[in-house]
Amino acid sequence: MAASSDTMLKKPHVGKKRKPPTRYWERTEEDGKNDGKKQKEGDNNEQTPQQNNTRTKKGGKRGGKRGGAGKKVISGKSDPFPGSAPVPEEKLKKFRRGVKGELPPRPQYKLRDVVIRSEAASDLAQKQNARYDLMLPEDAGFLEGDEDEDTCTISQDDIVDAVDITAGAKYFNLTLSQFGPYRLDYSKTGRHLLLGGRRGHVTCLDWQSKQLMCEMNVMETVNDVKWLHSEALFAVAQKKWLYIYDNKGIELHCIRKFNDVLRMQFLPYHFLLATASATGFLQYLDVSVGKEVVAICTKAGRLDVMAHNPHNAIIHLGHSNGTVTLWTPNQREPLVKMLCHQGGVRSVAVDKTGTYMVTSGMDKKLKVYDIRAYRPLQSYFLPAGASCLSLSQRGLLSAATGDIVQVYRDVWGIPVTKPYMAHRAKGSVWGVHFCPFEDVLGVGHGEGFTSMVVPGAGEPNFDGLDANPYRSAKQRQEWEVKALLEKIQPELIGLDPSQLSQVDHSTWEQRHEDRVQVLGFDPLAKEKFTPRLKTKGRSSSGKVEKRKKQVAHEDQRDVIRQTVEDRMKIDKERKEKEKKKAAAAGQKSALDRFRK
């Protein structure tokens, strides 16, 4: 017994107080050498049974998982930065998907579980997008001048001399004086350019590699050109009808229902081509099936000013009386009608977020509107007015006046006193368009086409699943199939796209009224009583009328019951009021003693 007690006293039951682990940035070279010696000595020593037990519990796998702040792994070192890296709140706000709604009550447990899972997936997608946004390679920049130097005085030649060869090659001129002036359009990926001359010249090319895809002359007036869902098809609004061509210049369709088309806009997520004609008709063509969706008579005369809102796919039309109207294929009347100018509207542009609209009119004014509240934010006076407007992905505004193209920055914020950049074209400008994902502004004029370098115009990072400028032919085909499967129906176009995710709380009566209005009759209405045909003279006209009178009161039974209930309710309320008045009159007060 004594020997065993001595041995127990020799073994201390309390271990030595260990020092807290030092961080890797606090260690010196000598500490690192000592750690290496300790590790070699520890490898020669036998493992304790506790360590063996922990290894057997973990399944005998080598290495360990990253532990928390106080946990250690098999290697014996603690993680200096435990857990996942924090995400900045600003990045989370950028990818936030609306406001979370209230959960359904507990009895609806299935719907509650579905909502909880969808919100968890939305939160995970928001965090992952914010994390990947930190790794994006490109940043947006702007043109900055030297001290006391205005950026609008910097010419395109000065910019080309200062930038690298690749960026400098984006500034070029195409001299096409024979068939001008030109309208232009860039594809959704920003890699292909489509030009249409007033005198019939149509060409499309890969403007970055300067590779010509097709060139032709349609031998009649060309009013507008527009790329469709990909760079394989484009539409040309010619003098009489609308034509569809492929990128080899082969005519695929001649749509004679669309005549005298002046302007076109394409809705990429709906596969709809919206056209405005000289006869005052707004028409929608579904390019996936080749059918006309709707033709709306605007009753506003010639339509030569058109723009579309990328956020909600609403079409904006400018009219000669100074108004701008907002249209959807679901209604025959305009959703909104705004009086913007005292003269006719010359051009309209809407930013990609669907928040701001910029208009220019014959009154030589350029106005910025907040579409959410339908009120003007800023108003600028231009000496000669602006004939063409275009907004870039980063919010730069280009305004063409005669042969001068001016670019403005932050027009809806602080009032702008001078342009950000300016350039004089070789002829009168007929169309301007910013290239997606590039700091390039295309200008179509009477002498051909000019590609300007505008620093800070394009979005620096693109979504490869939506618009990939470097995709191959196979990737384009796969994207086209997926886009067709995800096509949005025209019935879902509205002013507020967020309403699609909300629950419809309309009552049964409201839904029934809408159904009656759509069908033109009440499907739940009772059929009128028709007497059954009887034999042996019992179906004479007199007896039939007698039978009709016997059941005539049954149709009015519900109405009579409702009127009786309403009358009883009114009588009951009147009696209660009389009782209250009598009770108030029966109460005694201190002033009753003075009454005679």
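Backbone N, Cα and C atoms are what each Cβ position is placed from, and that goes for glycine too.
Residues or ranges marked as region 'Disordered' in TrEMBL: 1-89, 530-596. Residues annotated as compositional bias 'Basic residues' in TrEMBL: 10-21, 55-69. Among the features that TrEMBL reports, compositional bias 'Basic and acidic residues' is placed at 24-43, 551-581. What TrEMBL lists as compositional bias 'Polar residues' is 45-54. Residues or ranges marked as repeat 'WD' in TrEMBL: 338-379. Sequence annotations record features per position, and here TrEMBL assigns domain 'BING4 C-terminal' to 419-497.
Mapped onto DSSP helix, strand and coil, the repeat 'WD' (338-379) counts 0 helix, 25 strand, 17 coil.
With DSSP classes pooled into helix, strand and coil, the tally for the region 'Disordered' (530-596) is 50 helix, 0 strand, 17 coil.
For the domain 'BING4 C-terminal' (419-497), the DSSP-based tally of helix, strand and coil residues reads 17 helix, 22 strand, 40 coil.
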